[in-house]
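Now, the feature entries from TrEMBL:
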DOMAIN    73-159  domain 'Methyltransferase'
């Protein structure tokens, strides 16, 4: 397993740095107006504004795009589907299946996907079966699930044996970033974010997230994924040899 089991001091961590060629390839769609192209697929001013901002400013988007191609992607906690749609429009995914507990967001995702090879469905990740796929995405979703549910979900993913698993996780050991992230998540829930799941804020130590994949023979790497933000987000990539 290639993961730092002890957290790096916050002042020594570096932004996620994919290979230069991959980073350049990931940046090209943004120069071609990818945020606007994706946002235009959504109905409603709020949805378009939210999606445009997420695609343009979330460091997870270029980090994930840089590591494709992914084949058939299973996007767990897909929300409005903007990352799935970005993968399809850039050719980083052949097709996408997305699950989310929020029916309104799932409906927005399916409408925005239009003619693209994507299917979005309402599902509770605490119990959902993992269908066959090449790559699983878990972006900003684990901390919203109680620890026992996280363990069960990670075990089901590892047992399904996808080729790759990408997890954008909240690092609870990231010093001041973690403190800021906890505060932001609490405020978001008080304002009704994530269906008001105020009690479900359970970020895990990174080694605990990696353990099921390492035990299943995956190579696991973890890098900071917080460029331009004060948040404690990291990108964990588990890949079968």
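Just so you know, glycine gets a Cβ as well, placed from its N, Cα and C.
Mean pLDDT of the predicted structure over the domain 'Methyltransferase' (73-159): 96. Secondary structure by DSSP for the domain 'Methyltransferase' (73-159): 35 helix, 20 strand, 32 coil.
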